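Enquirer: For reference, Swiss-Prot lists these features for the protein:
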{"type": "DOMAIN", "residues": "4-184", "note": "domain 'KARI N-terminal Rossmann'"}
{"type": "BINDING", "residues": "F27, G28, S29, Q30, S53, S55, D85, E86, K87, Q88, G136", "note": "NADP(+) binding site"}
{"type": "ACT_SITE", "residues": "H110", "note": "active site"}
{"type": "DOMAIN", "residues": "185-330", "note": "domain 'KARI C-terminal knotted'"}
{"type": "BINDING", "residues": "D193, E229, E233", "note": "Mg(2+) 2 binding site"}
{"type": "BINDING", "residues": "D193, E197", "note": "Mg(2+) 1 binding site"}
{"type": "BINDING", "residues": "S254", "note": "substrate binding site"}
Amino acid sequence: MEELKVYYDEDADLNYLKDKKIAIIGFGSQGHAHALNLKESGLNVIVGLYDGSKSWKVAEDYGFEVYEVADAVKQAQVVMILLPDEKQKQIYEASIKDNLDEGDALFFAHGFNIHYNQIVPPKNVDVLMIAPKGPGHIVRRQYTEGGGVPCLYAVHQDYTGKGKEIALAYGKGIGGTKGGVMNTTFKIETETDLFGEQAVLCGGICALINAGYDTLREAGYSAENAYFECFHEMKMIVDLMYEGGMAKMRYSISDTAEYGDYVVGNRLINDNVRAEMKKVLTEIQDGTFAKNWLLENQTGRPAFNARRRIEADREIEKVGKRLRGMMSWINENPSNE
């Protein structure tokens, strides 16, 4: 991999995409953002969906021509797959693989299926990645406000010899070069992304919040107190870290809180936890996690669905819903309730 570099607007040229038709496969959170941003950057964009998709009319209402996936791929010279990881292989095999032409660019926003060999593209196409480091609605909002979400780009297969230029042009088209586009590889992006999700951002933080809440409840404290101290205030602390690192957070809290941070943090995240984190990373690197997740999907997701029901039924979720209902400034999405 080349030395880490950040690319901005002046480093990318939309002309690499000007004469190409871009097919966005999927019109969910990332799909709608990519399609709209590319279109408003002056590029020729169509949308590919399966017949009967609920997103079909939504995409049409935004002014896009919508086709079944195979027909969209046949027309396009650039194909971006923005489908859930677990669905990509099936749709690729059924509708994408045989409709790619020599010299096409096949894009991904996450390296899972390439890195774990679920999808093996033909040798005569470019295989590229643009991975925005933010959810689709933020990618869209930043673009409309004249900014952009930073992205990672990778070139897995460079048949045309222009893979880097095409990837950077795509990144510019969705606004990424406003925030900066950094180089990576499919391997690095996949392994670090999965580790971050599992050990820190999703698995780690949810388990930490639940453990703190349960500890206070078991000690006889009210559900409301436990929720506010272990869950509600999390956003305020994370916002400070997001804005100025841990230093700004520690500057902003009381000295008592800062002292508690120093003397207790490493008691919780101790050597045993760090050793377990290394095991988690190893399972990502050696493919164990991917194998288990793919098998879970092949068998109808029994453990996944059971755990989803259990977690949704936790007391902390019910208390949180009630308390958030008292906070008029929180715009809660009813579909998540």
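Including glycine, each Cβ sits where the backbone N, Cα and C put it.
Remember, it's a predicted structure, so these values are computed and weren't measured experimentally.
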Enquirer: Give the helix, strand or coil assignment DSSP yields for S29 (NADP(+) binding site).
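Expert: SS state of S29 (NADP(+) binding site) = helix.
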Enquirer: Mind telling me which of the recorded positions K87, H110 has the densest Cβ neighbourhood, counting other Cβ atoms within 10 Å?
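Expert: Sorting the candidates by Cβ neighbours within 10 Å, the top entry is H110.
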Enquirer: Work out the three-state DSSP category of E197 (Mg(2+) 1 binding site).
Expert: helix
Enquirer: Of S29, S53, S254, which of the binding-site residues has the most Cβ neighbours inside 10 Å?
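Expert: That would be S53, with the most Cβ atoms nearby.
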Enquirer: For each of D85, E197, count the other CB atoms within 10 A of its CB; which of these binding-site residues has the top count?
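Expert: Max Cβ neighbours within 10 Å, all protein chains included: D85.
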Enquirer: Within 10 Å of the Cβ of D193 (Mg(2+) 2 binding site), how many other Cβ atoms are there?
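Expert: A count of 19.
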Enquirer: Per the record, NADP(+) is bound by F27, G28, S29, Q30, S53, S55, D85, E86, K87, Q88, G136: how many Å separate the farthest pair of Cα atoms?
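Expert: Taking every pair among F27, G28, S29, Q30, S53, S55, D85, E86, K87, Q88, G136, the longest Cα gap is 19 Å.
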Enquirer: Within a 10 Å radius around the Cβ, which one of these binding-site residues has the most neighbouring Cβ atoms: F27, E229?
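Expert: Highest number of other Cβ atoms within 10 Å: F27.
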Enquirer: Across all chains shown, how many C-beta atoms besides its own are within 10 angstroms of the C-beta of E233 (Mg(2+) 2 binding site)?
Expert: 11
Enquirer: For G136 (NADP(+) binding site), what is the secondary structure by DSSP, using just helix, strand and coil?
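Expert: For G136 (NADP(+) binding site) - judged by DSSP and reduced to three states - the answer is helix.
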Enquirer: Given the recorded positions H110, D193, E197, E229, S254, which one's Cα is the least distant from that of S53 (NADP(+) binding site)?
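Expert: Considering only the listed recorded positions, the nearest one is H110.
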Enquirer: Rounded to a whole number, how many Å is the Cα of K87 (NADP(+) binding site) away from the Cα of H110 (active site)?
Expert: 13
Enquirer: For D193 (Mg(2+) 2 binding site), which of these recorded positions sit within 10 Å, Cα to Cα: F27, S29, D85, H110, G136, S254?
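Expert: Among F27, S29, D85, H110, G136, S254, the ones whose Cα sits within 10 Å of that of D193 (Mg(2+) 2 binding site) are H110.
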